[in-house]
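Quick notes on the structure that follows.
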Amino acid sequence: MPLLDGSVGVEDLVLLEPLVEESLLQNLQLRYESKEIYTYIGNVVISVNPYQQLPIYGPEFIAKYQDYTFYELKPHIYALANVAYQSLKDRDRDQCILITGESGSGKTEASKLVMSYVAAICGKGEQVNSVKEQLLQSNPVLEAFGNAKTIRNNNSSRFGKYMDIEFDFKGSPLGGVITNYLLEKSRVVKQLKGERNFHIFYQLLAGADAQLLKALKLERDTTGYAYLNQEVSRVDGLDDASSFRAVQSAMAVIGFSEEEIQQVLEVTSMVLKLGNVLVADEFQANGTPASGIRDGRAVREIGETVGLNSEELERALCSRTMETAKEKVVTTLNVMQAQYARDALAKNVYSRLFDWIVNRINESIKVGIGEKKKVMGVLDIYGFEILEDNSFEQFVINYCNEKLQQVFIEMTLKEEQEEYKREGIPWTKVDYFDNGIICNLIEHNQRGILAMLDEECLRPGVVSDSTFLAKLNQLFSKHGHYESKVTQNAQHQYDHTMGLGCFRICHYAGKVTYNVTNFIDKNNDLLFRDLSQAMWKAQHPLLRSLFPEGNPKQASLKRPPTAGAQFKSSVAILMKNLYSKNPNYIRCIKPNEHQQRGQFSSDLVATQARYLGLLENVRVRRAGYAYRQGYGPFLERYRLLSRSTWPHWNGGDREGVEKVLGELSMSSGELAFGKTKIFIRSPKTLFYLEEQRRLRLQQLATLIQKIYRGWRCRIHYQLMRKSQILISAWFRGNVQKKHYGKIKASVLLIQAFVRGWKARKNYRKYFRSEAARTLADFIYKSMVQKFLLGLKNNLPSTNILDVVTKTWPAAPYKCLSTANQELRQLFYQWKCKRFRDQLSPKQVEILREKLCASELFKGKKASYSQSVPIPFCGDYIGLQGNPKLQKLKGGEEGPVLMAEAVKKVNRGNGKTSSRILLLTKGHVILTDTKKFQAKIVIGLDNVTGVSVTSLKDGLFSLHLSELSSVGSKGDFLLVSEHVIELLTKMYQAVLDATQRQLAVTVTEKFSVRFKENSVAVKVIQGPAGGDNSKLHCKKKGSRCLEVTVQ
Ligand SMILES: Nc1ncnc2c1ncn2[C@@H]1O[C@H](COP(=O)(O)OP(=O)(O)O)[C@@H](O)[C@H]1O
Ligand SMILES: [Mg+2]
């Protein structure tokens, strides 16, 4: 039931009102004009050829149809393919998809849609994909070799094809088997007006590159080939060149090796060239007509291509060896016979090549033995054909269609109605046409047309097509579905459409007049043995393998089965195969004869609808039930829906089914209980049941999961609990053990103490008190004694002049190390005191001066360290013995502390001049070195400070108080070689004289007063290595004096 709103007409003809032919056609037309080409009758799909590409195919639609059930979306071939595939997968039922309809009604396209749908939705994976690819790629190859342009269809299949796709239990494709039926091989040598030979010839010429053409000795121009119809070498909408490339790559995908492809093309080109073998009249010596090859080129080229001796081929084409048990007779053939032989060879080579290709494909896609498989068969067989001139081919094609119609009738109309009767379901019979009688007419083993034909072929004596016809006329003179000129005459009918050499059969799909000409020949399908033997001798492996009977060792005189008999038996096998599977129908309808889009010829469609039995189909469907199944399997599938039947049911199957369906409260009209089966009227109900089952399965899965999870958790918990108990038991035990150990140790300790205490208490009276301290004192004292005695013996040298030895013995006990340190210090202090005590007052004075110098300059001035070892001698100019110099002292009392030659730096220009400096207790006296008279006398109380550099130089500045008479002129900048001694003595003299500490500043930058101004002195370290006393003054401007010292 269509669930979609806005559908055009009715989507399922079961719902059609009123149910008459007119409304059925109107409905189809209405839908066709709205581009709704698919319509259902229940689960049968009717497809009306749109002759245009509609946007209703492709992955998007495939995905959609995969997700919905049959009636939920618009009618589509995908929906049918989906049902078939799902049923195959879920219900394990082999399926077949029967596509029927006239030639050009869209069967092949429908079969491709089914295959592409199944390929898209079935399993995935590398291997599966390669199988799918191979299955899909078999199409272009088979179409190239087996399809041709006909008047009705530009891509008409000229062979029947049944393809079994085999799946594993998961529904992934494993491979397949292709069966082909009777290729229309007469097309190889002759085509009707407006038709073409098989596609591959045109594809090869158009698509092969120059190199390949050359290798095959072909020319691109189709006009050069007698077998190719010259009028229509191109077909609109077909691109031969690109199809050729597609065929080549498809063959490679399927697994053809490069050599195999090459060989196939070589044999194909051989067939083409056979057409160019021209036979001409010749006469033998005795005057009987014979034949010969006129232009040897074609034969030569064939010979070169397939490795065949061209003379041998020529002989085989133009003569015939008759062989009896006793002798061999060679007869020459006349031109007609030779042409016949040539064409027969071409047809045979081509049709055998086609069979070989099908077998080769089967080899690639075949499934390994032993793999359990399910099968989906797709049947795309040539459609019913009524041509102007119908021959043997049309006869077998139409016979096959007749059989398919029979399958349809048997399985949908007859079987169904009979089943209702059998099962005791109330039923009003629907009439339909049963074509069994026509099938019988053709195929009856003794009295069928095919049997008659075989009989004629095998009968000794003069046999011809007309003797065959005469036989038919005689046998079927009264048959309702057989007519001929003779039977018509007998009934005094006049029919100008009936030729003399014709008979007519009223097929289910219409009357067809067959011309008996060549029936015998085509049925015999004779190929002279000379030709098959010649082919077998070819070097070409493929060609050779096509003619096994040419092997003289295998030669048999037995006739091969006739074409008709072969076809009949393969159709019988096919029928058996189809009956064993669940059928799914696609009924194709051709809307017009002109391959025009949008044109809907009611008459044409009405004819087809009539013979397809669409109305009857709808009637049976309407009154009938969509689904039936035995009680057993039905109960097995659905018993989980009821609590009474699940999980255990002990009653009978039927009661069980009643119980299940009763609980689901189905409406009574929906169900019918037969004797062995349950019938369900509408698919909706079935879908409902399936949905319920799916939900229930989910519930059950959840239940199983729940119980399993619960069980797993419980086991886990129990394990954890057991482990926990074990761990805590061990832990507690351990704690207790430790605790006990502690208590035990404590008890023992207490016991020991108590025992000790008791023992001491008992024995105390025997001990003297204070003994321990006395002992300790004694021990300590003896340690000290030992220490001191050891120290005495190891004392370092007491010689005061020995300052080198500073070792001191280590304390024997650690507790005495502090005392030891103190003793060491005492020792050295004592040694120092002894040294000091033995010094004379003068030495003391000298050392005091040295001490003062160290306090003033140690670590401050670089030249200090040099001055340390040199004793201060005070007089450096020999003052003592020089009364002249003594005078300089003037009236000054006391000794001269320091007498030295110094340099005075002229503050004005930086030049130096020599002076003698005397330091007395109260003054500093500067005199000229030559004149020896005091030039400047400076009272020490006027000296405010001195500045020296930190370097090794002797420069110093004498800062004077401004108030003094000398000082008003400014400070002195002097250079002394004994600057450390001089300044130390000056410091002490100032301290003695004025109780004031002279400020001694160590700096590189100081300022000296010069009259009223001050001059900044900057001392710079000159390059090393010069004379210490050298210094160089440079005036920089009026306020700056730069002194470079070494
Ligand atoms: N579903 C379709 N969509 C579009 N065109 C179609 C469809 N079915 C058939 N045709 C057209 O009709 C032509 C004949 O179809 P085909 O399947 O070869 O017919 P049949 O096999 O019945 O002889 C195709 O070549 C194509 O052009
Ligand atoms: Mg076809």
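Cβ atoms are placed via backbone N, Cα and C, with glycine included.
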The residue range that TrEMBL labels region 'Actin-binding', out of 111-133, 387-409, 571-593, 732-754, is 571-593
Of Glu102, Gly104, Gly106, listed as binding-site residues, which ones have a Cβ less than 6 Å away from ligand 1? Gly104, Gly106
Candidates near ligand 2 among the binding-site residues Ser105, Lys107, Thr108, judged by a Cβ under 6 angstroms: Lys107, Thr108
Hey, for the ATP site built from Gly101, Glu102, Ser103, Gly104, Ser105, Gly106, Lys107, Thr108, who else sits with CB inside 8 A of the CB center? Asn49, Asn153, Gly383, Cys588, Lys590
What is the three-state DSSP composition of the region 'Actin-binding' (571-593), stated as helix, strand and coil residue counts? 9 helix, 8 strand, 6 coil
Tell me, what is the mean pLDDT of the region 'Actin-binding' (571-593)? 91
Cβ atoms near Thr108 (ATP binding site) (within 10 Å, other residues, all chains): 25
Mapped onto three states, the DSSP assignment of Thr108 (ATP binding site) reads helix
